[in-house]
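Colleague: Quick one: structure below, then a few questions.
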Amino acid sequence: QTRGRYKSKLSGATDYFVGLTAEQKCELAERELAEMKDEIQRLKEDSEQTLQNLEAVIEEADVWWTDVKKAISDFEKDIISTISSKKGSIIASEKLLRYMEEKNRHRDLLREKLRLKNYLLKGYKKKLQQQLRQEEQMGEMLCEVHLQQLQVRNAQYQEKIDEKNQELLQLKRTSGKTVQVLNFYKRKLQDAMEMSASLMKDISQRKELLWKIEREAALVEEQRAEAESVNWQLRKQLSDYSVPPVLSYVQKKMAVTDLKNSLKAWERKVAVAEMSLKSYRRAWNQVKMSGS
């Protein structure tokens, strides 16, 4: 019945779907899908309720079977055991009659209870059927009202769609201008980043050059300190210097000249001695070669 009502809704709205746009058709399809999901959820709840009812019936059957087994056990204990004895036939007959009367009375009470329960369930069923018919009638009325509301909403949505299209066109134009401005600033940013990289490289080179200059300045400072120390020593020596006499200078000059002449004479002697040594070595080598 639910599927039949759903199909009737679809068939009734088919003609209306022809005049709708794709967005409106999509919206209506989403609504129908939501209704189908709700219907599936209701069917799932009904199935769970049926499952719970079956579980209750099974539980009731288990209880009934437990009562039957207990009754069989009591009957065997009270009646069968008494009948099996030799002197218990009269007592067993009385017990059997009481047992049968008790069971009949219990069965009458159970039948009356079930009859009352059945009457209540019939009334509840009738009430549910009446509610179901009312809901079906209300559903058909709601379907017509829903169709009229859809028509009104269609006109409203059409106006909104036109407005949104105009806004979208305006936004596209604004977006085009924004993209142009963004590209311009992207190029400026790229140029700024390249300049920044060049400046960072230049700064690094200048820092390295400054470090070298500082090292050279420290080295020059050390050399200056050493030069000042040497200059101070030379100034001290210059302040303590005394010029020797002229005669002593002439004597030392003559002594230097004599030493130079003596050095030249000794150099000639050394050259002659080296030549003699070479001749002696050649002679010795010849002697050694002739001896061998």
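Note: Cβ is positioned from N, Cα and C throughout, glycine not excepted.
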Colleague: Pick from 19-60, 103-144: which range has coiled coil per TrEMBL?
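Modeller: Here TrEMBL associates coiled coil with the stretch 19-60.
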Colleague: In this predicted model, what is the average pLDDT of the coiled coil (19-60)?
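Modeller: Mean pLDDT, the coiled coil (19-60): 83.
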